[in-house]
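Asker: Pasting a structure here, questions to come.
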Amino acid sequence: MERVNETVVREVIFLGFSSLARLQQLLFVIFLLLYLFTLGTNAIIISTIVLDRALHIPMYFFLAILSCSEICYTFIIVPKMLVDLLSQKKTISFLGCAIQMFSFLFLGCSHSFLLAVMGYDRYIAICNPLRYSVLMGHGVCMGLVAAACACGFTVAQIITSLVFHLPFYSSNQLHHFFCDIAPVLKLASHHNHFSQIVIFMLCTLVLAIPLLLILVSYVHILSAILQFPSTLGRCKAFSTCVSHLIIVTVHYGCASFIYLRPQSNYSSSQDALISVSYTIITPLFNPMIYSLRNKEFKSALCKIVRRTISLL
């Protein structure tokens with residue numbers, strides 16, 4: 001059947017906050033402050049870990065990588081969103097949309113696999129403490145991070161390629177503030193069955209597999225902790241895992257809510273506001289949860305602050 005009066009989509013128009021036109025300046029101020037706070041907080045965490053040699057161990061190495069990924073993650077989306085909030089023309093080229101989706105997926109998927117790596121690190125620290133420095137040497141840590149990034153890159157490349165090989169001849173108005181999977185699929189012609197396949201792939205590869213690895217790690221961790229002779233030892237061992245468990249719960253909870261819930265339950269504006277939780281708020285709080293609960297990190301930060309003040 002021939003297409004009539006259909007043109008290929010060359011650019012995408014963002015309509016994420018179009019129903020909140022009167023609040024866009026306020027949203028700009030709020031999101032800008034959150035973005036700057038996210039950058040500042042994560043930069044402080046990275047700097048503290050780099051400057052204090054006592055923190056040059058695998059757990060803090062992975063925390064620094066996590067903070068770095070959070071900075072990149074927000075940089076992919078937030079600056080463009082801030083510009084659009086103050087602009088009349090809220091557009092992105094079709095190629096730019098594809099690049100944004102790939103970058104977002106790459107960092108998000110890598111983040112999921114990195115959380116699995118951090119779970120494995122906790123497993124080695126608690127279940128094999130005497131061999132921890134050998135099993136989690138610098139080369140091993142670098143290899144695990146590289147593997148997490150490789151998995152993220154592969155998943156992002158496959159999904160982005162599949163999505164943008166679809167025919168885009170319909171509307172170019174995207175009811176979102178960045179090129180996320182579900183909103184972009186709605187622009188594609190004949191996407192219904194394909195969208196289900198893509199979302200299933202995303203959930204299986206990025207949510208189920210890393211989460212399963214984390215659960216396996218914590219089954220072994222819990223088994224080892226229960227064998228500790230003293231209650232104090234059990235509490236101390238488990239306290240090192242609490243921050244990681246909180247981040248895992250927040251990350252997978254947000255991702256599951258966004259990608260597994262029925263799409264028809266919320267309006268486009270509600271979808272956009274919900275997405276803010278994992279594009280701005282989560283990257284702000286994740287590293288803070290990990291660092292502020294940790295006495296070693298707080299001690300190192302205070303030491304660096306005192307040293308800096310003494311030099312002024």
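Cβ coordinates are placed from backbone N, Cα and C, and glycine is handled just like the others.
Feature table excerpt (Swiss-Prot):
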TOPO_DOM  1-25  topological domain 'Extracellular'
CARBOHYD  Asn5  N-linked glycosylation site
TRANSMEM  26-46  transmembrane segment
TOPO_DOM  47-54  topological domain 'Cytoplasmic'
TRANSMEM  55-75  transmembrane segment
TOPO_DOM  76-99  topological domain 'Extracellular'
TRANSMEM  100-120  transmembrane segment
TOPO_DOM  121-139  topological domain 'Cytoplasmic'
TRANSMEM  140-160  transmembrane segment
TOPO_DOM  161-197  topological domain 'Extracellular'
TRANSMEM  198-217  transmembrane segment
TOPO_DOM  218-237  topological domain 'Cytoplasmic'
TRANSMEM  238-258  transmembrane segment
TOPO_DOM  259-271  topological domain 'Extracellular'
CARBOHYD  Asn265  N-linked glycosylation site
TRANSMEM  272-292  transmembrane segment
TOPO_DOM  293-312  topological domain 'Cytoplasmic'
Asker: Would you mind listing the long-range same-chain contacts of the topological domain 'Extracellular' (76-99), meaning Cβ under 8 Å and 6+ residues beyond its ends?
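Answerer: Residues 9-17, 24-25, 27-28, 31-32, 35, 107, 160, 164, 168, 174, 177-179, 184, 279-280 contact the topological domain 'Extracellular' (76-99) from elsewhere in the chain.
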Asker: For the topological domain 'Cytoplasmic' (293-312), give the DSSP counts of helix residues, strand residues and coil residues.
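Answerer: The composition, in the requested order, is 17 helix, 0 strand, 3 coil.
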Asker: As a quick check of your reading of DSSP, tell me how many residues in the topological domain 'Cytoplasmic' (121-139) are helical, how many are strand and how many are coil.
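Answerer: Counting residues by DSSP class gives 16 helix, 0 strand, 3 coil.
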Asker: If you count every Cβ pair below 8 Å, which range out of 55-75, 198-217, 238-258, 272-292 shares the most with the transmembrane segment (100-120)?
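Answerer: Going through each listed stretch, the top one turns out to be 198-217.
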Asker: Within the topological domain 'Cytoplasmic' (218-237), what mean pLDDT does the predicted structure show?
Answerer: 84
Asker: Looking only at residues six or more beyond either end of the transmembrane segment (272-292), which have a C-beta under 8 A from one in the stretch?
Answerer: 16-17, 31, 34-35, 37-38, 41-42, 45, 48, 63, 66-67, 70-71, 73-74, 77-78, 175-178, 180, 243-244, 246-247, 250-251, 254-255, 257-258, 266, 298, 301
Asker: Tally the residues of the topological domain 'Cytoplasmic' (218-237) by DSSP class, grouping H, G and I as helix, E and B as strand, and everything else as coil.
Answerer: 16 helix, 0 strand, 4 coil
Asker: With DSSP helix as H/G/I and strand as E/B, how many residues of the topological domain 'Extracellular' (76-99) fall in helix, strand and coil?
Answerer: 16 helix, 3 strand, 5 coil
Asker: Would you mind listing the long-range same-chain contacts of the topological domain 'Cytoplasmic' (121-139), meaning Cβ under 8 Å and 6+ residues beyond its ends?
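Answerer: For the topological domain 'Cytoplasmic' (121-139), the far contacts come to 58-59, 62, 217-218, 220-221, 224-225, 237, 240-241, 244.
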Asker: The topological domain 'Cytoplasmic' (218-237): which same-chain residues, six or more beyond its ends, come within Cβ distance under 8 Å?
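Answerer: For the topological domain 'Cytoplasmic' (218-237), the far contacts come to 119, 122-123, 126-127, 245.
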Asker: Let's see if you can do this one: DSSP helix, strand and coil counts over the topological domain 'Cytoplasmic' (47-54), in that order.
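Answerer: In the topological domain 'Cytoplasmic' (47-54), the DSSP-based counts are 7 helix, 0 strand, 1 coil.
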